[in-house]
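Swiss-Prot lists Cys128-Cys207, Cys350-Cys353 with the feature disulfide bond. Feature annotation from Swiss-Prot assigns S-palmitoyl cysteine to Cys397. Residues or ranges marked as topological domain 'Extracellular' by Swiss-Prot: 1-56, 114-129, 193-216, 346-360. Residues annotated as topological domain 'Cytoplasmic' in Swiss-Prot: 80-90, 152-171, 240-324, 383-481. The annotation transmembrane segment is assigned in Swiss-Prot to 57-79, 91-113, 130-151, 172-192, 217-239, 325-345, 361-382.
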Amino acid sequence: MALSYRVSELQSTIPEHILQSTFVHVISSNWSGLQTESIPEEMKQIVEEQGNKLHWAALLILMVIIPTIGGNTLVILAVSLEKKLQYATNYFLMSLAVADLLVGLFVMPIALLTIMFEAMWPLPLVLCPAWLFLDVLFSTASIMHLCAISVDRYIAIKKPIQANQYNSRATAFIKITVVWLISIGIAIPVPIKGIETDVDNPNNITCVLTKERFGDFMLFGSLAAFFTPLAIMIVTYFLTIHALQKKAYLVKNKPPQRLTWLTVSTVFQRDETPCSSPEKVAMLDGSRKDKALPNSGDETLMRRTSTIGKKSVQTISNEQRASKVLGIVFFLFLLMWCPFFITNITLVLCDSCNQTTLQMLLEIFVWIGYVSSGVNPLVYTLFNKTFRDAFGRYITCNYRATKSVKTLRKRSSKIYFRNPMAENSKFFKKHGIRNGINPAMYQSPMRLRSSTIQSSSIILLDTLLLTENEGDKTEEQVSYV
């Protein structure tokens, strides 16, 4: 009969680290005293305990792991497939989504296994330091991406012209590479030191960073991976708010402008003849007395151009809304990661504190930090209509964007050059197409001298969007409307 087996015989067939779990411990400690009539009662209690663990595991899978994997996959697909989303800033978001996706794929499931086995490592020993390394790496990379996005946005608002000049795809990839290298540098001490094992029971380990072996890493790693990015995010957030308030004031109090011919060498430069003069485009600038546009149709032109100031105000409003989103991300960042890193520091510095309680709190708070990997794509993308539309199509397995004729007409623009040779500029044709401007619509004012400029031929360039006076220096941002 099954009841005649001795405990020692049963234990010899079970690995040592599995015997330490509550499930086997309850069986082995009560096996000798079990009677046939008491088996259902004992087994019922064990089944209930394991059932509760399974319920918690299912809850974590449904509420945390699956949304993290699904949401970040949608972000990666959107940036990869949508042409409108393929610019430098969104490459940061895609890299952030990659880091968060890897947390959901490789870190969370194994962390869930450790919960099921009551902190005992259920996998081969060699995988323990590798998993801890990936845990620190991907979580740190997620935090570093948030910090980099915050700094990048502040620079784009404070110095728009300079930021646009260095905001290429190659530059974005360099920045992303630096973020990942910093994250690797912070996490690399974990596999180098390795996990200390018990000599008597080498298979009986808990795969956690202990104070005795990783005390210095836990302290300085927390400073580098969290508190330093936190300080940077706080400073850049308030600087961003200040810069937006200043620009909103400048736009609101800007005097009326007049339409003039103005040479702008920083926007369009001919690449065919090095010695040729820069093209001249019609722009808004009341501070210079260049030759004005023909008087014919002035009233119609000014009615059309009066909307440009409104678009400037609208752009400021959009940036303020984006900064509010940044504030939400900043708040969630504090809410989800502060408890873990504060407890981590306390565990190292406080010798009189209950180490068992702090370790238990760490196991809880780390899952709150994991939740941020699922929240990041929601906060950053659900406020963006292009992302929302893409997500809706991807969920229904439709991976092609549809563009209406009305939308295409709204995006078409006509830009008139005073220099007829400007129409042949390879630079302008290349970048015009990239910005949604049809080269077939280019017309030269030299051809239109004998004709009246129609109201439909208005120049849609707003150079007074973000104008700052810093001493004697004036900066103008040129943007397509």
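Cβ from N, Cα, C; glycine included.
With respect to the residue listed as 'S-palmitoyl cysteine', the closest of these disulfide-bonded residues in Cα terms is Cys128, chosen from Cys128, Cys207, Cys350, Cys353. Below 8 A, the CB atoms of the transmembrane segment (217-239) and the transmembrane segment (130-151) form 3+ pairs separated by six or more positions in the chain. In the three-state DSSP scheme, Cys128 (disulfide bond) falls into the helix class. Counting Cβ pairs closer than 8 Å and at least 6 residues apart in sequence, the transmembrane segment (91-113) and the transmembrane segment (325-345) reach fewer than three and form no contact. Residue counts for the topological domain 'Cytoplasmic' (80-90) by DSSP state, with H, G and I taken as helix and E and B as strand, are 8 helix, 0 strand, 3 coil.
Confidence across the topological domain 'Cytoplasmic' (152-171), taken as the mean pLDDT and rounded to a whole number, stands at 82. Sequence-distant neighbours of Cys207 (disulfide bond) (same chain, six or more apart, CB under 8 Å from its CB) are Thr114, Trp121, Cys128, Trp131, Leu132, Ile195, listed in sequence order. As a summary of secondary structure, the topological domain 'Extracellular' (346-360) carries 10 helix, 0 strand, 5 coil according to DSSP.
Secondary structure of the topological domain 'Cytoplasmic' (152-171) per DSSP (helix as H, G, I; strand as E, B; remaining residues coil): 16 helix, 0 strand, 4 coil. Within its own chain, the topological domain 'Cytoplasmic' (80-90) is flanked in space by residues 149, 152-153, 156, 167-169, 171-172, 386-387, 390, 399, 401, which lie at least six positions past its ends and keep a Cβ under 8 Å from the stretch.
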